[in-house]
Amino acid sequence: MKAPRGGLTGLRQIIHGDSSPGPSSLLPVNRGMCLNDQGLRTEQLISPTRFYSRRDQIAPTRVAMATSSPVTNTWIKPKLSMPSSREFGYSSNSISLLKNQPNRQIPNINCSLQAPPILHFPKQSSNYQTPKTTTIPTSNPTIISHPKQDKNNSFSKWNLVQKVAAMTLDAVESALTKHELEHPLPKTADPRVQISGNFAPVPENPVTQSLPVTGKIPKCVNGVYVRNGANPLFEPTAGHHFFDGDGMVHAVQFKNGSASYACRFTETERLIQEKALGRPVFPKAIGELHGHSGIARLMLFYARGMFGLVDHSNGTGVANAGLVYYNNRLLAMSEDDLPYHVRVTPTGDLKTEGRFDFDGQLKSTMIAHPKLDPVSGELFALSYDVIQKPYLKYFRFSKNGEKSNDVEIPVEDPTMMHDFAITEKFVIIPDQQVVFKMSEMIRGGSPVVYDKNKVSRFGILDKYAKDGSGLKWVEVPDCFCFHLWNAWEEPENDEIVVIGSCMTPPDSIFNECDEGLKSVLSEIRLNLKTGKSTRKAIIQNEEEQVNLEAGMVNRNKLGRKTQYTYLAIAEPWPKVSGFAKVDLFTGEVNKFIYGDNKYGGEPLFLPRDPNSKAEDDGYILAFVHDEKEWKSELQIVNAMTLKLEATVKLPSRVPYGFHGTFINAKDLANQA
């Protein structure tokens with residue numbers, strides 16, 4: 001879902017200032033875990049400046065920190081020098097955070113990508129009482145401790161000039177944060193909206209083996225299912241959008257009918273530096289980089305870089321959106337940086353090998369949805385820049401990892417480019433109405449703009465083109481597809497068929513709006529002979545029409561004509577109540593609902609046998625969270641019958657996230 005990722009906006013160039021790869025605050029409530037008189041784990045408010053999560057289900061075993069990648073098992077308290085609690089508008093018991101705004105209400109989120117807030121921020125009152133604890137039953141209670149932070153972790157390594165600069169810049173940031181507190185944040189940047197409920201982050205989880213399984217795991221499910229997501233290590237000190245979070249990969253490995261689970265942060269250069277500093281310092285592309293305060297935060301970041309307090313030369317990305325297994329490597333991606341190579345260990349754990357530039361061949365960012373051709377084994381990708389031309393480039397990698405030359409795609413403005421499509425012969429490149437206009441920041445707005453005067457269009461280019469001279473554009477008015485599920489050629493009609501979910505309003509996941517978001521599965525036909533297009537909703541029955549976002553077709557059929565697609569039912573928006581199997585030829589919809597009070601994310605289709613004649617012969621895998629019991633599981637559903645085959649109970653909560661893939665056991669054994 002998400003998309004819409006920070007990681008999904010391509011604002012890396014704002015931070016870094018060139019085309020090379022690189023680089024009103026709300027303090028949440030701490031809910032700590034303790035034991036009550038009955039020996040049950042409970043949840044309590046402890047402090048308004050640390051832990052930001054709700055009722056996390058703790059594994060029955062002791063929560064430990066990873067030896068290979070030490071990360072604390074709670075959110076880390078930032079070391080930012082902050083104004084006094086009275087200046088923020090709360091006392092030791094109060095958590096009303098907005099000074100002089102006692103009646104401020106959390107805004108309605110009809111158009112927000114994120115969930116309604118479930119953390120409560122009472123009005124400021126000297127008589128405010130700590131809320132009652134919420135009891136969470138567990139068979140083996142444990143207590144989460146909050147490790148102390150080394151205040152001199154990086155400070156002691158700096159010279160005198162750096163120390164003075166750090167203190168001065170921290171004081172400036174503190175004043176900026178105080179100023180931002182005087183104004184309400186839009187819901188698209190309010191952490192109480194963006195990362196509440198099961199959108200909230202979790203700590204790393206070392207490998208837990210032999211998980212409880214209900215039903216029987218199909219024999220073909222042999223390997224590892226991995227899914228990416230945004231999981232901020234530090235609680236926000238300013239505005240935060242869900243897409244801004246640090247990348248975390250969740251992995252369920254299957255061996256001989258048994259399953260294990262682990263989740264780890266992708267150790268990006270950004271994450272490594274912020275862990276060393278003990279606080280967030282890199283600007284958040286969506287939550288912070290808007291208006292005059294966004295410009296001020298960029299200047300602070302530049303100043304810290306000038307004094308050597310941070311280093312953005314090795315990237316600023318979060319790697320939180322996409323995953324692809326290509327040329328024996330699992331790559332974690334967001335379009336603000338190069339990919340990161342993450343290795344799955346033999347035990348089912350995850351280890352970040354580092355930022356991956358394809359042996360020095362990739363000099364620019366790469367979007368989070370490269371396309372792997374199932375026949376040739378080639379990888380096709382785009383890169384976009386929001387500062388300078390060329391704004392958009394296309395390139396490909398051979399099966400063995402050799403990169404082609406870049407092909408410039410001529411576009412007038414830097415376009416938000418999250419996804420594209422391939423056919424057997426062509427790449428299909430959307431140039432749509434959501435664009436980047438840096439000048440809007442000077443005017444006090446967001447640089448992500450819905451340009452209503454622009455006409456959306458799709459570019460058609462030969463996959464092996466050496467330049468953009470053969471590019472054909474076909475206009476598709478009033479069309480914005482955040483994701484494209486597939487495309488294929490129909491030579492008998494001189495047409496290319498594109499399958500995508502058309503969103504309205506186009507910028508609703510980035511900017512606040514009053515109109516309810518709709519995501520309609522659509523068939524778009526591009527006529528190569530006439531240069532015209534047609535578009536229609538695939539589901540013709542209005543009663544069956546639902547928001548469909550995040551999903552896939554049978555990946556063995558990518559770029560070829562497909563009958564079925566499997567998409568998340570994004571209702572009640574932005575939660576996902578189940579998935580829909582849609583017949584693209586007839587518009588027939590069959591739905592699988594995860595269960596009462598259960599919500600999930602992107603469904604992944606795993607073919608049972610690549611040589612099977614039936615396109616839907618396989619299984620759907622999806623992480624599902626029970627919001628009543630506050631437990632998570634992995635559901636395995638027969639794609640032909642839509643019957644639940646197996647459920648894997650997970651040892652810790654899995655937040656709602658983005659995109660995933662499956663790596664079979666044979667490929668796992670051949671990892672680079």
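In case you wondered, yes, glycine gets a Cβ from its N, Cα and C as well.
Heads up, TrEMBL stuff is auto-annotated, nobody curated it.
When the ranges 1-28, 85-112 are checked against TrEMBL, the one recorded as region 'Disordered' is 1-28. Residue environment of H659 (Fe cation binding site) contains 27 other Cβ atoms, counted within 10 Å of its Cβ in all protein chains. Sequence-distant contacts of H369 (Fe cation binding site), defined by Cβ-Cβ distance under 8 angstroms and a gap of at least six in the same chain, are G322, H418, D419, F420, H483, H659.
Cβ neighbours within 10 Å of H418 (Fe cation binding site), excluding its own Cβ and spanning all shown chains: 26.
Its Cβ placed at the centre, H483 (Fe cation binding site) has 26 other Cβ atoms within 10 Å.
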